[in-house]
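Notes follow the structure.
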Amino acid sequence: METKVVIIDEKNIDESLIKEAAEYIKMGEVVAFPTETVYGLGADALNAEAVKKIFQAKGRPQDNPLIIHVADFDIKKYVKEVPEKAKKLMEKFWPGPLTIVFNKQDIIPDETSAQLKTIGVRMPSSEVALKLIREVGTPIAAPSANLSGKPSPTRVEHCIEDLSGKVPFILGGEYSEVGVESTIVDITGDKLCVLRPGGITLSMLKEVDEEVYIDPAVMEKPREDFKPKAPGMKYRHYAPKAPVKIICGELQKTVAKINEMVQNYKDDGKRVAIIATDETKAMYKEGVIVSVGTRTDIQTVGKNLFKVLREFDDMDVDLIISEAFDEYDLGVAIMNRLKKSAGFNIIYV
Ligand code: TXA
Ligand code: MG
């Protein structure tokens, strides 16, 4: 399949490109498009045949549900009820990086929700995404626009790399501002439960509901018999070609440990990459050293993480060693993604 790629200027949106992308989706095709979290691979959420094409293009397991993207607060057609707490979340965090899991209406095909009775709904803040949803006229089902297992795309180049020849149309825009996927909150239980940490942090959610908690399974290594509430959590994810190890502890000790490891691997003829920060990058002696941003601005680290993980694929390295980040605010989401990319291979120093 030939893939048409167009780049849109998000500061001066060319409506004809939005219309062109929308036409593909209305015809039952899939289109990659930018959002403020990561790029999405979208199809008409109400069209089961179209939705199947998303799973095919990504190589996504059939039991992993999609979230739907809306541009309107009135979602009664798609979800059973909107409890008071959900209303508050929507008012405070939509449009933005928050997905809310509701009980779904039958109009949402089982293909979209992967047979679940619930559906995740998000209103993105990206103007391009919002315009596209409005132009299509139905919600857009969209997972991240990466091949299953790879780090999510934060730039159009990543989408082209993964989906060229597999989808008919890629709508490119800006570098995704948040850089990690949306926070997912399940509101169908007794208490609000975070199924995936993201740009809307726990402390932000607590402003709406004190009792909200993070599903303990989120930060742990999944057991063999693990049946997570968010099915996607059990799959290997965010993985570059080379294995990843995380070194966790006080910063000086972390740097010393990484230097020692890199030297040992070098003696064995292995090439090691280091995920460093602006504060530490000058402290490393050997290896391919890449800074993911400054520790004083964790948002920048979030924005760069997936890009950095992808860069190593072209560098021919045998191992990637990463510093850890404080599991606080956006750091929770960053460490969640890093741990998954490392298959929970963590060395504490
Ligand atoms: O920021 C985002 O959320 C991006 C952009 C494109 O909007 N989308 C995204 O979708 O990250 P995806 O499919 O890559 O990740 C969605 C996650 C998966 O782990 C899936 O298992 C979980 O959400 N999920 C979807 N529907 C669910 C549901 N009804 N209940 C529990 N988890 C659900
Ligand atoms: Mg994904």
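Keep in mind that glycine also has a Cβ here, set from the backbone N, Cα and C atoms.
Straight from TrEMBL, the features:
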DOMAIN    15-200  domain 'YrdC-like'
BINDING   Thr37, His69, Arg122, Ala142, Ser182  L-threonine binding site
BINDING   Arg60, Asn64, Thr118, Ser144, Ser152, Arg196, Tyr238  ATP binding site
I'd like the number of other C-beta atoms within 10 A of the C-beta of Ser182 (L-threonine binding site), please.
28
Rounded inter-Cα distance in Å - Thr37 (L-threonine binding site), Ser144 (ATP binding site):
9
I'd like the number of other C-beta atoms within 10 A of the C-beta of Ser144 (ATP binding site), please.
30
Just the binding-site residues from Arg60, Asn64, Thr118, Ala142, Ser144 whose C-beta lies under 6 Å from any atom of ligand 1, please, or none if there are none.
Asn64, Thr118, Ala142, Ser144
Among the binding-site residues His69, Ala142, Ser182, which ones place their C-alpha within 10 angstroms of the C-alpha of Thr118 (ATP binding site)?
none
I want the residues beyond Thr37, His69, Arg122, Ala142, Ser182 whose C-beta is within 8 angstroms of the mean position of the L-threonine site's C-beta atoms, in chain order.
Thr35, Gly40, Ile67, Pro97, Thr99, Pro124, Ala129, Glu181
Which of the three DSSP-derived classes (helix, strand, coil) applies to Ser144 (ATP binding site)?
strand
